[in-house]
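What follows is a set of notes on a single structure, which appears directly below.
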Amino acid sequence: MTDITLAPIQPDQPSHLMATYGRQAISFVRGRGAYLYTEDGTEYLDALTGIAVCGLGHAHPVIAEAIAEQAATLVHTSNLFEIPWQTAAAQKLAEVSGMEEIFFSNSGAESNEGAIKIARKFGTQQGVTSPKIIVAEQSFHGRTLATLSATGNKKVQDGFAPLTNDFIRVPFGDVEAIQEAALQHPDIVAILIEPIQGEGGINTAPQGFSYLEEVRNICNQHNWLMMLDEIQTGNGRTGKYFAYQHTNIVPDVLTTAKGLGNGFPVGAVMTQGKAVGLLGPGSHGSTYGGTVLGSRVVYTVIDTIQKENAVENAAVVGGYIVDQLRAQLADKNVQVRGFGMMIGIQLPKDCGELVAIARDQHKLIINVTAGSVVRLLPPINMTQAQADDLLERLVALINNYL
Ligand SMILES: *Cc1c(COP(=O)(O)O)cnc(C)c1O
């Protein structure tokens, strides 16, 4: 072990970091399961897990051991060579997703870039010169140029024109708007949506998951690719391995990241059916995509999720949290929505300040998105006792606030 001690951060000390984030003045030095600790040992309950990333909790011993052992053996060779851990990770991911082909990337945005390239290739092969993709209002797909163009949030796009001209936007959940777009734009080749909008405020479509079935039908009718962004909803988060498994449909293209590595940066774009084979030799690549270490982490994360029955746990304990919140906050003007461990509490007013109040007064880490939605993304393997601990802190927080 090295013994480098970092000086504590002074708020008014100049920093060389680009100021792209609004950071809270706190840092954690250690984590264990659902809890985070500051240097002085103060314990915080983490209902955010690095924004739906550490689904199995912090410092999971099985994953920590896999990382340490592989780091001491071999971190990276190259996709110029066979990588047995990558093949094994793809096998696991195919098993839990029902998809056929998998390309490993390093982030969510990069996975969506792969999906957008697949859609363009699909269109080009049919002689469409400027292929278009339908996307939804309030969506979030990433911060690269193509994915910020796909994103339905002006703040994400502001100052970064020209946007790519791939995208046609419709209201989330509005099937008629999709059919209208089809009449107006003969160049549409795909639809890209989130099953539940995460950054947009934990939004499910008004008709629930049957929206996905309706979109699947439209895609079949027009020979479009159905592409789902499950970067946030995947890996057990909603009480199914992937959220579309709440339905009977399968998308043609599926992207994921966040929970796939439990904190290790990995992502994946997956295909099945008519999307298979569109990206052939030389058409896509990533130096870091599917390294030996990253692939072993993916394999171990999926294996651990399976062995711990963490997906079923997310459904049961997440359902309990939602039921309890609805019951205990019944006299408040709030709406509780979400599935599994992806939960939003819509407050009647903007409530960004709740993040600091929760942290300082209740030692609880939460997030507020879309202005007035308290977003909870606890570990998918959270225990019943931890869920009760969460409920106690959260109900006190909201009762004091409203
Ligand atoms: C987080 C997120 C992304 C972007 O992922 P990055 O790893 O930050 O690039 C894309 N889509 C959805 C739905 C997300 O939640």
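Using the three backbone atoms N, Cα and C, a Cβ is placed for every residue, glycine included.
Source: prediction; values computed, not measured.
Proximity of I231 (pyridoxal 5'-phosphate binding site) to non-local residues of its own chain (separation of 6 or more, Cβ distance below 8 Å) is seen for G108, S111, N112, E194, T255, T256, A257, K258, G267, given in sequence order. What TrEMBL lists as pyridoxal 5'-phosphate binding site is G108, A109, F140, D229, E230, I231, Q232, T287.
According to TrEMBL, the N(2)-acetyl-L-ornithine binding site annotation covers R143, S286. Taking Cβ-Cβ distances under 8 Å and a sequence separation of 6 or more, the neighbours of R143 (N(2)-acetyl-L-ornithine binding site) in its chain are A109, V156.
Feature annotation from TrEMBL assigns N6-(pyridoxal phosphate)lysine to K258. In the three-state DSSP classification, K258 (N6-(pyridoxal phosphate)lysine) falls within a helix.
Screening the binding-site residues F140, E230, S286, T287 for a C-beta under 6 A from any atom of ligand 1 leaves F140. Reported as a whole number, the C-alpha separation between F140 (pyridoxal 5'-phosphate binding site) and S286 (N(2)-acetyl-L-ornithine binding site) equals 23 Å. Compared over the binding-site residues Q232, S286, T287, the count of CB atoms lying within 10 A of a residue's CB peaks at Q232.
Annotation for E230 (pyridoxal 5'-phosphate binding site): same-chain Cβ neighbours under 8 Å, separated by at least 6 residues, are E194, P195, F242, A243, Y244, L254, T255, T256.
Across the structure, S286 (N(2)-acetyl-L-ornithine binding site) and Q232 (pyridoxal 5'-phosphate binding site) place their CA atoms 22 angstrom apart. Following the DSSP three-state reduction, the secondary structure of G108 (pyridoxal 5'-phosphate binding site) is helix.
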